[in-house]
Amino acid sequence: KQEFQKYPTKAGRRSLSRSISQSSTDSYSSAASYSDSSDDETSPREKAQANSKGSSDFCVKNVKQAEFGRREIEIAEQDMSALISLRKRAQGEKPLAGAKIVGCTHITAQTAVRHLPPPLSLSPTGVPVFAWKGESEDDFWWCIDRCVNTEGWQANMILDDGGDLTHWVYKKYPSVFKKAQGIVEESVTGVHRLYQLSKAGKLCVPAMNVNDSVTKQKFDNLYCCRESILDGLKRTTDVMFGGKQVVVCGYGEVGKGCCSALKALGAIVCITEIDPICALQGCMDGFRVVKLNEVIRQMDLVITCTGNKNVVTREQLDRMKNGCIVCNMGHSNTEIDVASLRSPELTWERVRSQVDHVIWPDGKRVVLLAEGRLLNLSCSTVPTFVLSITATTQALALIELFNAPEGRYKQDVYLLPKKMGKTMEEVPFGLH
């Protein structure tokens, strides 16, 4: 367990919006050709592991793939000019010297990990990593617990995406907050959970809301989703978008990106929205604002983009037409009521990686992608450049909280200060 200046993070894994099905195959990752089938049958938790330095403080699928993971990270770094620039600028000052950061985030090359190999590439360096593709729900919480419950090492900063790590610390290890200096939260779901804690008077440390920063909203949520929604749908369904009836649930920045991309390819897009301002924006952008119950029977494609739960209910799933495609671009796997589909009268048929046909007794089929988890992270890639901007924003938030004078931030949720935005403007993005 090292101080930040050498090995900064203990990386827990946000397992592709909870867990990916154990029956999934990694047909979309370039790492597939490197996979070792003998390792797929045994849970990483059951294997004795050690890296080249003799350390066993990690849990990954196959540590032999570390070198391949390192190459994937190096490829991603080529288009991450913002983060690389910030890293170079911080080399002299070392603004996070002494920080002990425990993190729980999506596994991608841009977070220094991507599917199987990248976590492996970190474990030989001495960074404790608990992550692998295909984690079950139990595995997911076990990985978080291993990061937090560590003898002789205690985090003083939390980097979270979705609030699961923060929730686990509050539930199991509240003493961590006695030394913690802050929480940095990336997603709308996690931010909402932080505001709930703050409202109830249970938030023990300052928290930084990265999701509502301009850089996250306008770049990651909008532009990243605008490109990755099409990639994910094409890879999984081979669907032609022209003339398709599509409903996008939620017209926030994620919904705006999805609608823009689908409309450009000729899809007939309508939206559902509970916020009157966002609904009016959708109307001004040329989209029909509807109620989901009124249009569900006619839709060819249903996409959730809210970060909320039970957006698409079992009743609405029952009313969908044969062949309707259902997917999630929001956050958690609870936006679509997938649990209700695991009932005796319905049959699940895995037709390809991350694509299930849910079959009703009358023969109707609904095409469910990624079991209701995030489509772009489960079934496609995401633009490295955009995620570099988000990662830079997170790093600046960590620096701000860790170095803030005592008393500047109280036990509440804060937006990034304006000076951080100015810092972002000064970071070169490699656009020219």
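For all residues, glycine too, the Cβ spot is worked out from N, Cα and C.
According to TrEMBL, Gly252, Glu253, Val254, Gly255, Lys256, Gly257, Glu273 bind NAD(+); the candidate from Asn376, Asn403 that the record adds to this site is Asn376. Using a 10 Å Cβ-Cβ cutoff, Asp220 (substrate binding site) registers 26 neighbours. Gly252 (NAD(+) binding site) counts 20 other C-beta atoms within 10 Å of its own C-beta, drawing on all protein chains shown. Gly255 (NAD(+) binding site) has Lys216 as its nearest neighbour among the binding-site residues Asp161, Glu186, Lys216, going by CA to CA distance.
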